[in-house]
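**Q** Once you've had a glance at the structure underneath, I'll fire off some questions.
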Amino acid sequence: MRNAASEMAQPETPNDQTAVRRDRRHALDQMPPPPPPPSLPRHLRRRRFSTAPASHHPPSSARAAEQHCLRLLVRFSTPAAVLQSLAFLLKSGLHSNPLVLTRLFASTASAAPSLLEPLVAALLGPSVPIDAFLVNTLIRAHATSPLHSARLRAAAFFPLMLRSAVLPNKFTFPFLLKACAALPGSPGVGLQAHAAALKFGFATDQYVSNTLIHMYSCFGGGFLGDVRNLFDRMPKSSAVTWSAMIGGYVRGGLSSDVVGLFREMQASGVRPDEVTVLGVLAAAADLGALELAQWVGQFVEREAIGKSVTLCNALIDALAKCGDVDGAVAVFQGMEERTVVSWTSVIDALAMEGRGKEAVGLFEEMKTAGVPPDDVAFIGVLTACSHAGMVDEGRGYFDSMKMEYGIEPKIEHYGCMVDMFGRAGMVERAMEFVQTMPMKPNPIIWRTLVAACRAHGRLELGENITRNLVNEYPVHEANYVMLSNVYALTQRWKEKSEIRREMSKKGIKKVPGCSVVELEGEVHEFIAGDESHPQWKEIYMMVQEMARELKSIGHISATSEVLLDLDEEDKEGALQWHSEKLAIAFVLLRTPPGTQVRVVKNLRVCLDCHAAIKCISQVYNREIVVRDRSRFHRFKNGSCSCNDFW
């Protein structure tokens, strides 16, 4: 990346105009062609061919017409007003005025996004004088559009600037790099944009550098090394720079590195702003790091950082995902202004804890407060009904979406209903529901149904569904794992081995179970049977002690969960080293009696671990909170908050 950029960064000489034009045309050739824009309605499309000013507007009135048109463009806020202003613009012969067009495109982007592309296609003709202000506006308007097709076209306006021999300025590249960050697939356009920033001497500008960090972090984990190198070479006197790097780590899946980076930022004396706090809260939510989330909440209070609705919503989300639902509710209750996102975040938090009645009560309170639920809020309340076994209530809410609020259920809502029927043991009802869906079920819905079949003994139906999944989606590891597990449950070890060999042949690997705990500001990660932790010997000894204590109170391992052809003793040994048990043993070793244990797992907690953790909470008199990939389990005095309904 840097070598290519350096080659393009050679300075121009004033007399080498031919080389400049050649370089610009080369950069233009490398840019992908934009998709064809939609066209204007026919009655407006005819106007684009009138290129001469209207005869009834003499030159003396041109300035007045321009000013009047600009005033119209500032005021309008609806698509109808856009079209009225467009009519005046065409009638006044201002369709080649770059200032008026710039204002038109900027205002259309916010007031009528769907009209932006056809207007640009109709009005941006050869007669329009191109300047940096106009092109910057076009890039920004398209890059920030809610329409995917417009965002795809944003970067394609930079070649227009090069082709018109217009020099970019310091505002061009932040807009351009943000547009490149949103492009799917190959990052080649972004690399070229970086090279152009170097060539024109703007790569060291702080705003450009910050946007470069954002762009490369959006390209995925393979570029995070380059992002960090870029960050390390920058002057870091601004919170914006630190926030860009923190956001890059979160997007790149390196939330554990955010904690250390945030400490570096504080040590450097740079005061975090709201954007920084939002990034750290996102990392805390991802890690389930409650201490960090609570500390950030205290930090916001102490530093008097403005508690905007966005920040409060992020704090609610982080506390909820870290298991402090009561803390999330307290933040919600202290908010002066609440949006539907605020309500939905708390409903989701209660749903993940299995507190279905409270979630439903809050949903009803939201409606009473005059906040109409959106489709996301309905996902929250349906999830709450699913996890709490409230089938009748869930069916009522599903029916009310369209009948009372005119919201067409999406596939996610249908997935919630399948999950709800499956958890309640209504496998046949779930299957009928899937077959009557108005859209094709996605793999997630089928896998949800297979999980219900496995939980309720419908293994033959589960096998048929999983075989179809493997045939239709042959590269997804979850389908192979589910079919392998069905074979193991029916003790068909030969078929299980064949599936595993097929996975190996195709390079498909099962995602290993991983558990994370936060202790004294550090995040510790455990994988089943892992010996990489510095204290692994003490941890393993503690696990063995836990096993002896559980046997003494009559706990029997659920060896049916070991889907391997082993004898009972070996199966018990395999269960003993699951990642959540290693994580719990570590916390028991490192904390005084009575301290709460908090674990985050990337997969669903298995039946044996669920039963074992209930016993551990009783034997060691600890409250143990486990967040798996779908919900929270709060173990206390030998029972779980899910009431074994998960």
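A Cβ is built for glycine as well, from the same backbone N, Cα and C atoms used for every other residue.
Sharing the record's features from TrEMBL:
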- 31-40: compositional bias 'Pro residues' (COMPBIAS)
- 554-646: domain 'DYW' (DOMAIN)
- 1-43: region 'Disordered' (REGION)
- 238-272: repeat 'PPR' (REPEAT)
- 308-338: repeat 'PPR' (REPEAT)
- 339-373: repeat 'PPR' (REPEAT)
**Q** Tally of helix, strand and coil residues over the repeat 'PPR' (238-272) according to DSSP?
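**A** Across the repeat 'PPR' (238-272), DSSP assigns the residues as follows: 26 helix, 0 strand, 9 coil.
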**Q** What are the DSSP helix/strand/coil residue counts across the repeat 'PPR' (339-373)?
**A** 26 helix, 0 strand, 9 coil
**Q** Mind checking which residues of the chain, 6+ beyond the ends of the repeat 'PPR' (339-373), have their Cβ under 8 Å from one of its Cβ atoms?
**A** 309, 312-313, 316-317, 319-321, 325, 328-329, 332, 380-381, 383-385, 387-390, 393, 397, 405, 627, 630-632, 634, 641-643, 645-646
**Q** So if I exclude everything within five residues of the ends of the repeat 'PPR' (238-272), which remaining residues of that chain have a CB under 8 angstroms from its CBs? That is, six or more out.
**A** 206-207, 209-211, 213-214, 216-218, 220-221, 224, 227-228, 231, 279-280, 282-284, 286-287, 289, 292, 299, 303, 305, 521, 523, 525
**Q** Report the DSSP secondary-structure composition of the repeat 'PPR' (308-338) as helix, strand and coil residue counts.
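**A** Split into helix, strand and coil, the repeat 'PPR' (308-338) gives 22 helix, 0 strand, 9 coil.
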**Q** Please compute the mean pLDDT of the model over the domain 'DYW' (554-646).
**A** 77
